[in-house]
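Asks: Take a look at the following structure, please.
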Ligand SMILES: O=c1ccn([C@H]2C[C@H](O)[C@@H](COP(=O)(O)OP(=O)(O)OP(=O)(O)O)O2)c(=O)[nH]1
Ligand SMILES: [Mg+2]
């Protein structure tokens, strides 16, 4: 299967030794898991959010792409470990360290150990908009209806 080349800097010496490079876990996985590049275990109390380094920097370099950082389903559903910013959006021109905002939305403390896979990175296509100011829109069937106006059943 073909894959898009993505430049990555290894900011943490444990990559390539103790930790493998991020990789797709299965043949059709959409995301690569990101590790917590911590020096010591981090206890997240209920409600707490912390910025955790991934130990990586990426440069996407193509304005037609971006990356998003998403929670891992198991951690989010079973332990309430999601992202403090909802979803992390990585711009194609960002070259700094990839950071993960981890948030314990659950009601029990959760400890993240150094190297734990705590989130995932997905590369996505982007269409950038050129705004065109108008006074009226060509009418659509939906019009201004939204926020549940089609009902539940
Ligand atoms: O979970 C995240 C979200 C963002 N970033 C980096 C990459 C992204 O390109 C940059 C800026 O993110 P964003 O635009 O979402 O944040 P902002 O608060 O608007 O910051 P800025 O003013 O720098 O754009 O921060 C991360 O490392 N992790
Ligand atoms: Mg921004």
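Backbone N, Cα and C define each Cβ position, glycine as well.
Automated prediction, rather than curation, is the source of TrEMBL annotations.
Since the structure is predicted, the reported quantities are computational estimates derived from the model, not experimental observations.
Pulled the feature table from TrEMBL, pasting it below:
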- 72, 73, 74, 85, 89, 90, 91: substrate binding site (BINDING)
- 18-151: domain 'dUTPase-like' (DOMAIN)
Asks: Which binding-site residues out of 73, 74, 91 lie by ligand 1, going by a Cβ under 6 Å?
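Replies: The qualifying binding-site residues are 91.
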Asks: Which of 73, 85 has the fewest nearby Cβ atoms, counting only those within 10 Å, among these binding-site residues?
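Replies: Result for the binding-site residues 73, 85: minimum number of other Cβ atoms within 10 Å at 73.
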Asks: Might you list, by sequence position, any residue in that chain lying six or more from residue 91 (substrate binding site) with a Cβ less than 8 Å away from its Cβ?
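Replies: When sequence neighbours closer than 6 are ignored, residue 91 (substrate binding site) has 60, 66 within Cβ distance under 8 Å.
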Asks: At a 10 Å cut-off from the C-beta of residue 72 (substrate binding site), count the other C-beta atoms across all protein chains.
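Replies: Result for residue 72 (substrate binding site): 19 neighbouring Cβ atoms inside 10 Å.
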Asks: Helix, strand or coil by DSSP: which one applies to residue 72 (substrate binding site)?
Replies: coil
Asks: The domain 'dUTPase-like' (18-151): mean pLDDT?
Replies: 97
Asks: Using only the residues recorded as binding substrate (72, 73, 74, 85, 89, 90, 91), report the maximum Cα-Cα distance in Å, whole number please.
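Replies: Max Cα-Cα spread across the substrate binders: 26 Å.
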Asks: For a quick check of packing: other C-beta atoms within 10 Å of the C-beta of residue 90 (substrate binding site), how many?
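Replies: 21, counting other Cβ atoms within 10 Å of residue 90 (substrate binding site).
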Asks: For the domain 'dUTPase-like' (18-151), jot down how many residues DSSP puts in helix, in strand and in coil.
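Replies: The domain 'dUTPase-like' (18-151) comes out at 7 helix, 53 strand, 74 coil.
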